[in-house]
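Student: Have a look at this one before I ask anything.
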Amino acid sequence: MSGWEPGSSSLKTPSRTVTLGRVQPQTPALRTIFCNDRDSNFAHRYKGNSISTTKYNIFTFLPKGLYEQFRRVANLYFLMVSILSATPYSPVNPVTNMVPFSLVLLFSLIKEAFEDWQRFQNDNSINNTPVDVLQAQGWETLQWKKLQVGDIIRVKQDGFFPADILLLASTNADGVCYIETANLDGETNLKIRKALEKTWDYLTPEKACEFKGEVQCEQPNNSLYTFTGNLVIDNQTLPLSPNQILLRGCSLKNTDFIVGAVIFTGHETKVMMNSMNVPSKRSTLERKLDKLILALFSTLFSMCLIGAMSSGIFIDRKYFYLGLGETVEDQFNPSRRFMVIILTMLTLLTLYSTLIPISLYVSIETIKFVQSSQFINKDLNMYHAETNTPASARTSNLNEELGQVEYIFSDKTGTLTRNLMEFFKCSIGGEIYGTGMTEIERGIAERKGIKVQEVQTSTGSVREKGFNFDDVRLMRGAWRNEPNHDACKEFFRCLAICHTVLPEGDMSPEKIKYQAASPDEAALVLAAKNFGFFFYRRTPTTIYVRESHVERMGKIQDVSYEILNVLEFNSTRKRQSVVCRHPDGRLVLYCKGADTVIYERLGSGNDDLNKVTRDHLEQFGSAGLRTLCLAYRDLASDLYESWNEKFIKAKSSLRDREKRLDEVAELIEKELILIGATAIEDKLQDGVPSCIQTLSRAGIKIWVLTGDKMETAINIAYACNLLNNEMKQFIISSETDAIREVEERGDQAEIALFIKEEVKNQLKQCLDEAPQYFCSPSGPKLGLVIDGKCLMYALDPSLRVMLLTLSLNCASVVCCRVSPLQKAQVTSLVKKGARKITLSIGDGANDVSMIQAAHIGIGISGLEGMQAVMASDFAIAQFRFLEDLLLVHGRWAYIRLCKVVMYFFYKNLAFTLTQFWFTFNTGFSGQRFYDDWFQSLYNVIFTALPVVFVGLFDKDISPSLSKKYPELYKEGVRNMFFKWSVVVVWAFFAVYHSLVFFYFISASSSTCRDRSGKMFGLWDVSTMAFTCVVVTINLRLLMMCNSITKWHCISVGGSILVWFVFIFLYSAIMTPLDRNDNMYWVIYILMGTSYFYVTLLLVPVAALLVDFLYLSVQRWFFPYDYQIVQEIHKDDIHSTGTSDLLELKQQLTPDEARSYEISKLPKEVSKHTGFAFDSPGYESFFASQFSKYVPPKAWDVARRASMRSKATPK
């Protein structure tokens, strides 16, 4: 148990994005590590490699666990009541309060302990994983937890790295190894790492023992993709970069083994420092529940105050028979009325404690857990067979929040689209190539009324995943005949060289596979291959390309390009460059990136080409294609050498290395010559337009936040049904002539002021124009399109309100060219400014901040890693599954939990008020009406289970009808089932029922006698009343159900039965430990009279008759929307049964399909008797008689053959 130390999450949980982790203090600035020298490192007291992700250890479990429980106000209240019940002023036995409260706490603590024990076992298995460590000139197998900083270790193929390691040597050539980072960021594509040339030889244990280097590096931090350090060896200082670092949690692939030095261990490794918790989110219903609990506290205080004040007034010595002499205790001393009020207040507080439901939180947590783990996670409608991905509820706290969403913020790429990139078109030297037509182009043509003809595919066109290009002018070497063939050659070389793709498998064009950091990059390399520039091998310093048709038609040659420098892509640079040396010695810089950054770095001249290509880019964007610009620059040898010195110096810097590298890159990425542009198609996911249309009908407003160009974003919005020609569209863009004119002057302060003023004017103009549209019910809907530059100024505090006002009145909003931070800011603006329930959905690391900013975060299990999923509350495989998640599961969860909370409120108020009415008959003395155990077990046993089944199984309409009538979802958005008006109605019935329970029974029992002729006493009356309470409260639950299943009947009947079993045993047993014999034989005396049975029949009828009348009037004259739908479909035979299978028909197994078809047969056909007709296989024969197809079974064929043979005349 010593491994139990506070932590965050298991190693197997992929880390979050680096920008959102907690930044650790980094003083002193540098860490010095002595490799292969444990004694020298001992003085620094570096942390060990043992990790712990548990919340508790054996010493902190009880205090910390109890602290977690008592953070809930309700638990603090029950603790106070339990303490008060142990005082002399309590009318109830302290055991009866403490036992149920202890059981609830015990249940919660056991749950916490079980979850933490699982974490502890997981930690143990990880900490005890074996690894080879260099000990005394040989490899010795040790456990991970015994590793220390500076140790030299060996990791074999497919093994995981036990710590953050400096790569020294690899069995592959040139010190190269391949790693998979799936545990880190979810990406399964392989990444390359390369050791410094100085350390390549330290591969054997004999050689590794000689290694005595010193690593000077940054302090442990959570930045996954950066590392700054130097290796000092043989009086030589060598710069270290992330390319030499192997992070804990990654695995070794395609390499026999590597040797490395441990630099960060345990909780100081980058993956562990990124193991942060997703921000704690509480549902809106849960926050409103707190207000309801406070209302109950107020009611409780009022009841206690009324009783206490009345007691202070009532106590008087004129009631001589009460014996209120001078020596009476303080609670009943007329001479000390203030003390009487205070002490009676405490007495009544324990007496009325049942008003706050002790089992409410446990019941709600149980319901939510089952809803998420059994219903959401196992819904076939949200299972994606292609990727074998089910839906996943990563938290159960927000189930009901899914039923109240009003705004959805969605990423585009990989969320609305498939993120399966296909090279579709290109522009080279001012000429467009590619004859295909995208879905969006077809949509644009249809909107304009243009008839679209199918494009004929050329004979012999090449099609493979990632390449959907067709143009005979470029294929099979035909590009040599183009007037711009030199530009074509540079274009193809740039595609084949400027990337970080890794080839895998057989080095033949048909069998090779590419491991790429993104689908875009893989598509570009595939395009180069199909154009005749086949990239087939790479080393850290060389790229090998098999070029066809370069020198002459049909000639194929293998060319090696020496890679001198790689200027990597990041979100700030938005470009990637490679400096390479051709075989003839020519030095070339190839660059690809976003059009905005490439055009800023183009040299003078070629203005016509640049202008034409820009027009082509806009044309590609209008077609919904993703674009990149390609450029190159020839470098003089002396210029390159001078620049390379600066590059090496920046790379060796220990401070601000990334910033300095970016500055050095700017020195050479200029005076570029534009080659052309690529256009990649990312098709819409299946079902996205219909899903968006359905969600819009449900009253949900959808915003698209994307980094794409405005034209692309608008056309995707049209394709998705977010925008249409009937809408009035407001477009706020920075691409205006006035803004361009100011930008050309280059004064940043002037640009900022001018754009802000322009945005202000545009927002004001839109706001002035908007009212004439949304004031008219028949007027067109509004749509807003805004780009990132304008959005930056619109989010300024002075303009934020204007933006929010305009946005909230728009049916759809499209924000393009936005950064991850802006996505989160827009989400927070609506969440906090409009106080609406928001949902964010995305699939990439750039969506994490948006996902965490919203009330609900949805991660798409896509092709951009698992960062979004790991930061989300729910994970689905396709955008279209939102329809089921929100309209079915979300709506059901909201309605069910509202019913559960309202029912808890009702049953506790009704029960406690009977005690309150009794107080008026006891001189406000605090005399209890019910036996202590009745009061304690009422919530825990006698009424606990039925309400849980309502929360799990109550279903107003079927899933198919929920999606057929999405307008029903608006009831949740308007919070129709958890309003104060609903609370008042339930409170009225609670008061009415309590009056019936108390006064009907107390009045009727006053004239009744038992078999011996004695009047009924207090405990006879209270037992009768409690029996009626249990029966009525449980039956009232059935009246609130929309569908009654066998579980409802079993739980309600079982609860009533448990009460009778309990009272039979409790009344029959008396022990010396009993405080009194009040309850002895009470139920048997009661059941021996006809009064018991008449009362048990009349009281529930009298109580529930008013409820029945109210529900009838409400349903007929003031129905909810779902009740109208129920009436419309009340005659549907299978409205909630097999009709739901119709939606799954394409996914059904043969047996399921067969059962479905059989279920549709006329009833009389499938009711044959006799053995021959009992076999289910024979049903296929009868099905065929009614034109129903059911897959036949083998014995059907035999039977039909036997029937034919019998029918043949002899």
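For all residues, glycine too, the Cβ spot is worked out from N, Cα and C.
Keep in mind that what you see is a predicted model, and the values were worked out from it rather than measured.
Below are the features I grabbed from TrEMBL:
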type	residues	note
DOMAIN	33-97	domain 'P-type ATPase N-terminal'
TRANSMEM	292-315	transmembrane segment
TRANSMEM	338-362	transmembrane segment
ACT_SITE	D411	active site, 4-aspartylphosphate intermediate
BINDING	D411, T413, D843, D847	Mg(2+) binding site
BINDING	D411, K412, T413, E521, F569, K592, R626, T706, G707, D708, R817, K823, N846, D847	ATP binding site
DOMAIN	869-1119	domain 'P-type ATPase C-terminal'
TRANSMEM	900-918	transmembrane segment
TRANSMEM	938-957	transmembrane segment
TRANSMEM	977-1001	transmembrane segment
TRANSMEM	1016-1035	transmembrane segment
TRANSMEM	1047-1069	transmembrane segment
TRANSMEM	1081-1106	transmembrane segment
Student: Can you tell me how many other Cβ atoms are located within 10 Å of the Cβ belonging to R626 (ATP binding site)?
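Tutor: Within a 10 Å radius of the Cβ of R626 (ATP binding site) lie 21 other Cβ atoms.
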Student: Quick one: Cα separation, R817 (ATP binding site) versus the residue listed as 'active site, 4-aspartylphosphate intermediate', in Å?
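Tutor: Here the two Cα atoms are 12 Å apart.
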Student: Using Cβ atoms and a strict cutoff of less than 8 Å, what residues sit near the transmembrane segment (1047-1069) while being 6 or more residues removed from its termini?
Tutor: 933, 937, 941-946, 948-950, 952-953, 1023, 1027, 1030-1031, 1034-1035, 1037-1038, 1041, 1079-1084
Student: For the domain 'P-type ATPase N-terminal' (33-97), what does DSSP give as the number of helix, strand and coil residues?
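Tutor: Tallied per class, the domain 'P-type ATPase N-terminal' (33-97) gives 31 helix, 3 strand, 31 coil.
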Student: Okay, the transmembrane segment (977-1001) and the transmembrane segment (1081-1106): do they have at least three CB pairs under 8 Å, pairs separated by 6 or more?
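Tutor: As far as Cβ distances go (cut-off 8 Å, pairs 6 or more apart), the transmembrane segment (1081-1106) and the transmembrane segment (977-1001) touch.
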Student: Given the binding-site residues T413, N846, which one is most crowded in terms of C-beta atoms within 10 angstroms?
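Tutor: Answer returned by the neighbour count: T413.
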Student: Of these binding-site residues, F569, G707, R817, D843, which scores lowest on Cβ atoms within 10 Å?
Tutor: F569
Student: Which entry in the list of recorded positions, D411, D847, has its Cβ near the fewest other Cβ atoms, using 10 Å as the limit?
Tutor: D411
Student: Who are the long-range neighbours of the transmembrane segment (1016-1035) in its own chain, taking Cβ under 8 Å and residues 6 or more past its ends?
Tutor: 907, 910-911, 914, 929-931, 934, 938, 942-943, 946, 993, 997-998, 1001-1002, 1005, 1008-1010, 1052, 1055-1056, 1059, 1063, 1078-1079, 1082-1083, 1085-1086, 1092, 1095-1096, 1099-1100, 1103-1104
Student: Rounded to the nearest angstrom, how far is the Cα of D411 (active site, 4-aspartylphosphate intermediate) from the Cα of D847 (Mg(2+) binding site)?
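Tutor: Just about 7 Å between their Cα atoms.
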Student: Do you know offhand how many angstrom separate N846 (ATP binding site) and D411 (active site, 4-aspartylphosphate intermediate) by C-alpha?
Tutor: 9
Student: Measuring Cα to Cα, how many angstrom lie between F569 (ATP binding site) and the residue listed as 'active site, 4-aspartylphosphate intermediate'?
Tutor: 21
Student: Considering only the recorded positions D411, R626, G707, which residue has the minimal Cα-Cα separation from D843 (Mg(2+) binding site)?
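Tutor: Nearest listed residue in space: D411.
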Student: Rounded to an integer, what is the Cα-Cα distance in Å between the residue listed as 'active site, 4-aspartylphosphate intermediate' and G707 (ATP binding site)?
Tutor: 9
Student: On the 0 to 100 scale, where does the mean pLDDT of the domain 'P-type ATPase N-terminal' (33-97) fall?
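Tutor: Averaging the confidence scores along the domain 'P-type ATPase N-terminal' (33-97) gives 82.
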Student: About how far apart, in whole Å, are the alpha carbons (Cα) of R626 (ATP binding site) and T413 (Mg(2+) binding site)?
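Tutor: Roughly 10 Å, rounded to the nearest whole number.
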